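Encoded as structure tokens, the structure appears first; notes follow it.
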């Protein structure tokens with residue numbers, strides 16, 4: 001496939017915007033705006049003052065137009081508010097522009113033929129590959145939130161995350177459903193698994209979970225004590241300890257309120273304190289509302305994945321500040337959107353395709 005140049009993409013997007021925004025004669029033909037494309041972003045340079053109402057609604061509309069017309073050559077990242085940048089010019093009327101961050105190419109699914117060979121080769125530096133052109137590093141994670149309806153691919157994605165992390169450290173899986181995929185994965189990989197037996201009540205099982213989380217919290221405190229002992233220990237690296245909790249709502253629904261409150265308190269403490277200790281949570285549920293997970297815990301998660309249906313309703317918990325209607329979500333199974341938040345990259349929401357592992 002022949003890839004268009006930046007000038008060709010800019011011209012194509014300009015034509016699309018002219019046709020969609022032909023309002024009160026405000027087009028590029030009347031010098032109301034211009035379009036410039038770079039590798040990092042597309043800039044909408046507008047003449048000011050303008051008859052165009054330069055607000056969030058217009059920015060979101062432009063994002064949708066650009067996203068569709070830049071596909072499949074660029075992936076455009078929606079923003080929670082307009083990105084205003086200065087424009088180098090002597091013309092005071094054109095000294096500013098709206099920037100629309102993007103990235104070359106589109107999201108592509110990672111297909112793994114031999115999982116052992118792949119993990120041996122790719123997990124040495126703490127990287128967890130989630131797509132062919134997308135990875136996260138365990139050392140930059142706080143906690144992970146995964147949400148999606150039943151059948152959207154959450155369990156297989158969780159199994160993939162656990163498989164990567166098990167090569168780096170310890171995984172403790174809490175599965176209130178007793179899923180055969182996660183239980184047998186843990187057994188086959190010599191990792192700890194906690195799941196309910198038929199004769200145990202929900203409150204008793206949640207109490208058992210709280211006991212385990214209390215032990216994990218003690219690990220956090222111990223590691224904090226280690227790197228506070230001396231300056232030599234400040235940069236000490238600890239092996240990752242990750243607690244994976246599948247289907248949070250099944251864990252708390254019907255349990256004693258006092259025990260649920262203790263569970264929520266433990267989650268809050270771990271997410272707030274544990275990052276420097278390299279202790280992390282992976283939290284999975286069909287819904288991530290305030291009844292399922294404390295708001296403070298959800299807001300601390302810096303890797304957020306929504307599987308399955310993507311719309312304003314399904315995004316209200318993980319991506320409340322974003323208009324996701326402009327995102328070109330891939331078709332097929334185990335797809336959705338993903339966002340990683342750290343100090344090194346723009347916190348972009350990206351179309352997501354979960355890895356496929358042959359034999360799973």
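Here the Cβ of each residue, glycine as well, is placed from N, Cα and C on the backbone.
Feature annotations, reproduced from TrEMBL:
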| type | residues | note |
| --- | --- | --- |
| BINDING | 148, 149, 150, 151, 152, 153, 154, 155 | ATP binding site |
| DOMAIN | 131-316 | domain 'FtsK' |
Once near-sequence residues are set aside, which residues in the chain of residue 149 (ATP binding site), 6 or more away, have Cβ atoms under 8 Å from its Cβ? 286, 307, 308, 309
Name the residue among the binding-site residues 150, 152, 155 whose Cβ has the smallest number of other Cβ atoms within 10 Å. 150
Between the binding-site residues 148, 151, whose Cβ has more other Cβ atoms within 10 Å than any of the rest? 148
Extra residues within 8 Å (Cβ to Cβ centroid of 148, 149, 150, 151, 152, 153, 154, 155), ATP: 286, 307, 308
I'd like to know the mean pLDDT over the domain 'FtsK' (131-316). 93
